[in-house]
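Only one structure is covered here, and it is reproduced in the block below.
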Amino acid sequence: VLSPADKTNVKAAWGKVGGHAGEYGAEALERMFLSFPTTKTYFPHFDLSHGSAQVKGHGKKVADALTLAVDHVDDMPQALSALSDLHAHKLRVDPVNFKLLSHCLLVTLAAHLPAEFTPAVHASLDKFLASVGTVLTSKYR
């Protein structure tokens, strides 16, 4: 459960991401594909090379979903309901992949926002991303 301090930290950190959200989302996906090659199996139709338009496009979708989650942090299940349905019923993404992408996103944010990425912010973002993952996998049951 996110504390009020966690919510404040997440909103402040995501605010610093600003117009780079899509870029950071794509970078996190690239990190995931390189570090965890089995995740590529969900994207057989994508050009997964560095800087590809498809990876950039999906990175923007990831970032937009996270922005939606930040904006609706008190009601993520409702805000992410359609996305949860998509991943559970149509795409059938293995839930472990949300943890892998979350890790890669944390690394990406730490690399780009070193001053903001304090231990407290790191912990808050980690809890937030775990909450997003829980919401996205809630309809698997």
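Glycine is no exception: its Cβ is also placed from the backbone N, Cα and C atoms.
According to Swiss-Prot:
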- 1-141: domain 'Globin' (DOMAIN)
- LYS7: N6-succinyllysine (MOD_RES)
- LYS16: N6-succinyllysine (MOD_RES)
- TYR24: phosphotyrosine (MOD_RES)
- LYS40: N6-succinyllysine (MOD_RES)
- SER49: phosphoserine (MOD_RES)
- HIS58: O2 binding site (BINDING)
- HIS87: heme b binding site (BINDING)
- SER102: phosphoserine (MOD_RES)
- THR108: phosphothreonine (MOD_RES)
- SER124: phosphoserine (MOD_RES)
- SER131: phosphoserine (MOD_RES)
- THR134: phosphothreonine (MOD_RES)
- THR137: phosphothreonine (MOD_RES)
- SER138: phosphoserine (MOD_RES)
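The local packing around THR108 (phosphothreonine), expressed as other Cβ atoms within 10 Å of its Cβ over all shown chains, amounts to 23.
Comparing C-alpha positions, THR108 (phosphothreonine) sits nearest to TYR24 among the modified residues TYR24, SER49, SER124.
For the domain 'Globin' (1-141), residue counts in helix, strand and coil come to 113 helix, 0 strand, 28 coil, using DSSP.
Neighbour density for THR137 (phosphothreonine): within 10 A of its CB lie 19 other CB atoms from the protein chains shown. Each residue contributes its Cα atom, and for SER49 (phosphoserine) and THR134 (phosphothreonine) those atoms are 29 Å apart.
Ranking the recorded positions TYR24, LYS40, HIS87, SER102, SER124 by Cα distance from SER138 (phosphoserine) puts HIS87 first. When the modified residues SER102, SER131, THR134 are compared by the number of other C-beta atoms lying within 10 angstroms of their own C-beta, THR134 comes out lowest. Here TYR24 (phosphotyrosine) comes close to VAL17, GLY59, ALA63, LEU105, THR108, LEU109, HIS112: these same-chain residues lie at least six apart in sequence, with C-beta atoms under 8 angstroms from its C-beta. Just so you know, the Cβ of LYS7 (N6-succinyllysine) picks up 16 other Cβ atoms within 10 Å once every protein chain is counted. Shown are the recorded positions LYS16, LYS40, HIS58; the one with the most C-beta atoms within 10 angstroms of its own C-beta is HIS58. Checked against SER124 (phosphoserine), the recorded positions LYS7, LYS40, HIS87, SER131, THR134 differ in C-alpha distance, with LYS7 being the nearest. Within 10 Å of THR137 (phosphothreonine), as judged by C-alpha distances, no recorded positions are found among LYS7, LYS16, LYS40, HIS58, SER102.
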